[in-house]
Each structure stands twice: as structure tokens, then as C-alpha cells.
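Visitor: One structure is given below, represented as C-alpha cells, and several questions about it will come after.
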Amino acid sequence: MFLQASFIGYSLGDRMWNFAVAVFLVGLYGNSLLLTAVYGLVVAGSVLLLGAIIGDWVDKNPRLKVAQTSLVVQNFSVILCGILLMVVFQFKEQIAELYNGWILTCCYILVISIANIANLASTAMAITIQRDWVVVVAGQDSSKLADMNATVRIIDQLTNILAPMLVGQIMSFGSNFIGCGFIAGWNLCSMCLEYGLLWKVYQKTPALALKAGKKEDDQELKQLNFPKELENGKGTVEGSQLMNEMAVVKADSPKKTSCCYQITEPLRTIRDGWVAYYNQSIFFAGMSLSFLYMTVLGFDCITTGYAYTQGLNGSVLSLLMGASAVSGICGTVAFTWVRKKCGLIRTGFISGVVQLSCLVLCVASVFAPGSPFDLSISPFQDIYSHLIGDSGNLPEADHPASMLNIDGLLVNGSTALPAEELPPLQSYLSVSLLFAGVIAARIGLWSFDLTVTQLIQENVIESERGVINGVQNSMNYLLDLLHFIMVILAPNPEAFGLLVILSVSFVAMGHIMYFRFAFKSLGRRLFLCCSPEQKAQALPDSPSSLPTTV
């Protein structure tokens, strides 16, 4: 209970800041998206490069120290950034006149840098709490771990709705200055509360004080499948158990203190982290989750911006976002039920089938009446025309393509037309099919996400949880970056149909990789709704006291 309460405070503050910082940067630079784009690139690049190092730091330090340090650094960074933004908003004109505007430019750089530090600390906090603490608190109870993961995800979904609404109302009725002050004050109070709750959890769970070291290379690791035991009818059939037993600590090798060795140590950490990730039994499961980030079929600024060009107004979009959140919560609840009935690995397979089936509607929307999809217009014509300086022959969109929606707030580089004044489309069938597919697919998406998350929790040794999850975050950000690059290369609405098809293709490739992993683990038993071993789990005289995870 204390852990969930701590996560509510963390998630609410984190969601408010992530929403507000994008809006602040837009307002700071004269309603331009330049600073927001730079911030997004810096954040993604930092996690991509430093994910393994952050995870390695989580592994090598005591749990309480990691949680407390991450919490303090994150909140103090947000507070400092909020104060700096308040100063800039209040005295922007005076600062701009100093040294030909260089002081203001330095303020921009400082804001983005501090905000990036806050994001890196948030990444470390997420790894240590959601990927390590919950596993230890759950003990060896796989069902309890699944319930805790589902609860955390529901909290995350609800705060993703409530946080932007809260801070958005404050900024609408007040100002950016007041919004900065509110978020800074919230993080100060939240930090103290979260600190106390984490300390309470640490005291109530003695196992958190014990942390495994590195295992010997020749020590037997628990794997998802044991082919020899299965052939002989021995051992656990339904996958691995939770891996939280204490490891054998390696003898410390003589430390090399040369300058060159110390300089290259971060590079070796990154290399070792990626190699360890590749050698995991759940490698293809983790890769399958990363491939799902290469998509425009989500409620981000790209999809909502496209919706505005198709004539949907803000009120309709807000309802669609609410429906999407409800769909995600349904997927979270469905995960716990299906896992109990069919096992963990089968749940991932079923979730993938559900998601792909729903995304068929998105592919159909590309060719439905009302779709702007037009192969006669090159998807690269817009960017090519800008590069050669000939913008006079650009095909004009029916609606303002410069508009961008950031989590519900409409931003425009010049003057945005009200949504009611947009010329009506001949048919809304295409955009209706698109959002119907996106909303329905979130049931399978979140169920699949929880499946892979628990597979990583249960099948990565304790001494490598941090670095493996750090590399997993890096992979997620890498594919997310690729999807933004894809949009930059083909930004016009006529090319959005191609982006939809490419997105569904990457999602399909991700689920094919998961199928390879699942079939290797279960073989033909993957297609059984409930195997005999899963049924035996519920028997009171079952020899195993631990629940199965497949």
C-alpha cells in the first residue's frame, strides 16, 4: 500500500512536469516548437546513450540509496527548472537585451539541461521502483507481482489523464508563471511525502536491504524453458520462477586505476550492458516491445495533429483520449485475468493477436472514403522543396498543417483557425476507422506491455535487473526516435497513410519476434488455452508452492 501511494505522488508530479515543460518551452520561444523539438531530441538521445550506465548504477548501489538519490535529484531539478522558468517568464524582455540575447540563449540551454537531468533521474527512479522493488516486495508470488504491476499501470493511466487536466487548468486561468510556481511547490511537498513512504516500505520489507552481487558465469540460471526436463516429464513445465535468490559474489579483481581505464569505463559499461541484454533468454520478448514504439498510432502530438487536419475539434479529441485511457485500463484488468487462466507467455501471445486484429481497422482507414492518402504526391516532396528553397509549388493541404496538439493544447506557429471554421470533410469514415482501431488496440497493447515487463522482472537475475531494464529503455527510445524521423521525412497529411502502414508493419514484426520467443519456450503447448500444468497449479496438493509464470 505504501509503495502504491508513493508511486501516485511520483507519477502525478512526473506527468504534470512532462506535460507542462513542453508547453513552457513553446511559450518561451514565441510559440515556436523549436525548443520543444530540441528538448525531445536531447531527452531521447540521453536515455539512448546512458540507459545502460543508469541501470548499472542502480545495480551497484544499495536500493534505498538509489531510490533516495533519484527522488531528490529529480525533484530538486524540477524545482530549480521551475524557478528558472519563472524568472525568464517574468523578466524575459530585460534578459533579452543583455549581451545581444546571449544570456537568454544560455537560459534556454540551462532549462533544457536541467530538465534532461530530471528525466534521467526519473528513469533511474522508474527502474529501481517498478522493475526491482516491486519484485522484492512481491516475494516469490507471481500472482501478487502481476497484481502490483497492473495496479501501477492503472495509476499511471489515471495520472496521465488527471495531471495534464490539473496543470492545464491552472495555466489557463492563471499564467505560465503561476504554472511554474505550482509545479515547483508540488514537487517540493511531494518529495517529502514520497521520501517518507519509501522509507516506510524499506522498513517493512527486510529483503530490500539484501542485494545480490554478480553471479559466477558457470552458475546455473533459471531459464524460461527446460527442454530436457520437459522431455522427461520432470521439473516445472510452465516457465521460470522469480529469480530473487542471493547470488554468489565474485571475488573482486584487482582494480585498474590508470587514467585511460577510467576514461573508457563508461564505454565498457555500455558495451557490457548491451551484450548482457542480447544474452538474456527474454531478448526477443524485449525487442518485440521496443518495436511497438515505432508507430504513429498513439495519442501523441503526431496523431492528434493529423486529427485536426481532418476536421476533428478539441472536444471530440478529448473524448477520444478519455476513451483511449479507459481502453488501456481495460487491457490492464484483462491482463491479470488472462494470466491466471492461460499463463504469462500465452497472455502475451493473445494480447498480440488482439492488438494486430484491431490495427486492421487502421489499415482499412487508409483506403476508406475521406482519407487524404494520395500516392501521386511524393511523401518527400515537402521536405525536398524546403531544402532546395522552392516552396511555391508545394501542394497545399486542405487544413492548416502547422498546427500541433501537445496533450490537448493547440499550438500554432502563426495564427490557428478555430476548429469550427475548418472546411468539413466529405466523409469522416476514414478518421473514424483510424481512431476506432487505435483505441481498441490499446487493450492488447497494455496487456502485452505488462506481459513483457513481468517476463523481464522474473527472468533477469537480481544483479542485472538495473542494466537490463536500462538497455530496454534505450531500445524503446531508439525506436521512438526512428518514428519521429519517419514523420519528419514524410510530414504532409497525404503521406500519413504510408506512416500508418509502416507502423502496423513494425508492430507485426514485433509480435512475430514475440511469437518466436513464446514458441521456443512452450512449443505447441502455446496454442493450448490452458495446459494441464496450469490446471494442476490450482490443486491444493500441488508439490510446488510457487505459481507458474507461463
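Backbone N, Cα and C define each Cβ position, glycine as well.
Automatic prediction, not curation, is the source of TrEMBL annotations.
I grabbed these lines from TrEMBL:
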type	residues	note
TRANSMEM	36-58	transmembrane segment
TRANSMEM	70-89	transmembrane segment
TRANSMEM	101-121	transmembrane segment
TRANSMEM	275-296	transmembrane segment
TRANSMEM	316-337	transmembrane segment
TRANSMEM	349-368	transmembrane segment
TRANSMEM	427-445	transmembrane segment
TRANSMEM	495-515	transmembrane segment
Visitor: Counting only CB pairs under 8 A, let me know which of 275-296, 349-368, 427-445 has the most with the transmembrane segment (495-515).
Guide: 275-296
Visitor: Considering only Cβ pairs under 8 Å, which range in 70-89, 275-296, 316-337, 349-368, 427-445 makes the most contacts with the transmembrane segment (101-121)?
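Guide: Answer, by Cβ pair count: 70-89.
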Visitor: For the transmembrane segment (427-445), could you work out the same-chain residues 6 or more beyond its ends whose Cβ comes under 8 Å from its Cβ atoms?
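Guide: Contacts of the transmembrane segment (427-445) (Cβ under 8 Å, skipping residues fewer than 6 from its ends): 292, 297-299, 303, 307, 310-312, 320, 323-324, 327-328, 330-331, 334, 351-366, 368-371, 500.
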Visitor: Would you kindly list the residues that approach the transmembrane segment (70-89) from elsewhere in its chain, counting only those six or more residues past its ends and only Cβ-Cβ distances under 8 Å?
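Guide: Distant contacts of the transmembrane segment (70-89): 10, 13-14, 17, 21, 24, 27-28, 95, 104, 107, 110-111, 114-115, 117-118, 121-122, 124-125, 128, 175-177, 180-181, 183-184, 187-188, 190-191, 194-195, 198.
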Visitor: Who are the long-range neighbours of the transmembrane segment (36-58) in its own chain, taking Cβ under 8 Å and residues 6 or more past its ends?
Guide: 21-22, 25-26, 66, 112-113, 115-116, 119-120, 123-124, 127-128, 132, 266, 269-270, 272-274, 406, 465-474, 477-478, 480-481, 484
